[in-house]
Amino acid sequence: MKHSLFSLVFLLGSLFLCDAKYQIRVERGKLIKHAPQKYGLRRFDRFIGAQHQHVADFRDYGYFGNITLGTPKESTNDQTFLVVLDTGSSNLWVPDNSCGANDANSACKHKNKYIMSDSSSYEKDGRPFSISYGTGSASGYFGKDTLCFSDTTLCIKSQVFGQANSIAPFFANQEIDGILGLGFTDLAVNKAPPPFVNAVDQGLVDEPIFTVYLEHHGRDRAPSGGYFTYGGEDPDHCGEIITWIPLTKAAYWQFNMQGIGIENSNEHTNGWEVISDTGTSFIGGPGSVIQAIAKKYGASYDEFNDSYIVPCSKAKNLPALKLKINDMELQIDPINLIAHSDATECDLTLFDMYGGGFGPSWILGDPFIRQFCNIHDIKNKRIGLAHSKQPEDVTF
């Protein structure tokens with residue numbers, strides 16, 4: 001079965017986290033290729049001021065949404081791009097039409113590409129950009145144009161974005177065209193204002209808040225797999241806020257975690273800087289702690305795929321993972337700690353990080369966000385947690 005699988009990496013943290021990586025596996029033939037109409041948002045008109053964009057769930061390994069760039073000229077179409085909506089970075093970039101023009105094997109070969117001459121609202125910037133992630137890099141130059149979040153009315157004029165004329169080979173087989181960062185300006189290359197920060201500054205949202213709700217769909221891929229809500233909370237999919245966590249640094253969505261364990265959250269109590277990150281599929285932490293937790297779960301290490309494996313038949317009986325954050329013990333249920341790499345072997349959604357002492361020590365990726373809606377408060381530099389209301393018909 002493993003021979004039919006390929007590595008798909010969604011760690012999208014910036015330079016400080018570049019040594020952290022996680023290879024995750026999905027069946028390539030079942031992924032949806034560039035079908036923006038399948039990811040359209042059902043607008044929630046009863047929420048005044050809150051714009052809901054829904055994202056596709058690729059078997060709990062990645063969550064993608066659509067954007068458009070530019071204003072079509074007569075006889076041209078919308079320029080739509082499938083992107084990772086990434087709270088672990090702060091820049092927006094998509095492949096430029098020049099990417100791979102002289103290279104038949106370019107990673108841009110099968111991507112949607114931005115054509116500036118097709119947009120009547122394009123503005124030249126010209127500054128070079130280069131950005132590195134845990135899984136690859138992109139470089140080119142900056143431009144400005146109108147950015148719209150698909151199937152919402154949220155459009156941001158003169159948004160600075162990267163026109164990538166070179167992207168790493170890693171991106172060649174990934175479904176995404178580019179990345180839209182939702183971190184703070186201090187994390188952005190060349191301090192280019194991130195899209196949501198720009199929306200707040202332009203007065204386009206009622207509140208300086210966006211909420212992320214991600215669903216669990218197990219072995220299934222779901223065209224509707226979660227919602228990003230811009231300008232407010234999401235009471236349809238999230239419960240009451242149980243805690244507001246002050247950020248320790250407003251670059252990533254970074255805060256302090258006091259402890260972690262299985263029996264209780266005091267098993268490992270070093271106290272670490274952590275980030276919440278929609279662009280990372282799993283939970284990453286210091287190798288010694290992750291290995292100890294994986295051992296307690298009875299997971300075996302798969303060296304070939306660089307992953308911790310548990311039999312799917314035993315997954316639902318695993319204990320919850322307990323975290324201590326903001327003096328509150330929280331837990332991630334086993335249904336959110338497991339991803340189905342195939343019918344019999346499941347990935348325990350943990351990975352070792354070796355950051356050399358720089359930057360945050362933990363990344364709380366999608367399993368954390370499936371358990372708890374994350375409410376991102378730009379103005380007050382804090383992040384709220386609320387229990388997510390998962391679909392009732394989804395099981396292991």
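Counting begins at 1 with the first residue displayed.
Cβ coordinates are placed from backbone N, Cα and C, and glycine is handled just like the others.
Feature annotation from TrEMBL assigns signal peptide to 1-20. What TrEMBL lists as domain 'Peptidase A1' is 63-386. For ASP86, ASP277, the entry in TrEMBL reads active site. The disulfide bond annotation in TrEMBL covers CYS99-CYS108.
Of all the recorded positions listed here (CYS99, CYS108, ASP277), ASP277 has the Cα closest to the Cα of ASP86 (active site). With the fewest other Cβ atoms inside 10 Å of its Cβ, the least crowded of the active-site residues ASP86, ASP277 in this structure is ASP86.
Counting in whole angstrom, ASP277 (active site) lies 25 from CYS108 (disulfide bond) by their C-alpha atoms.
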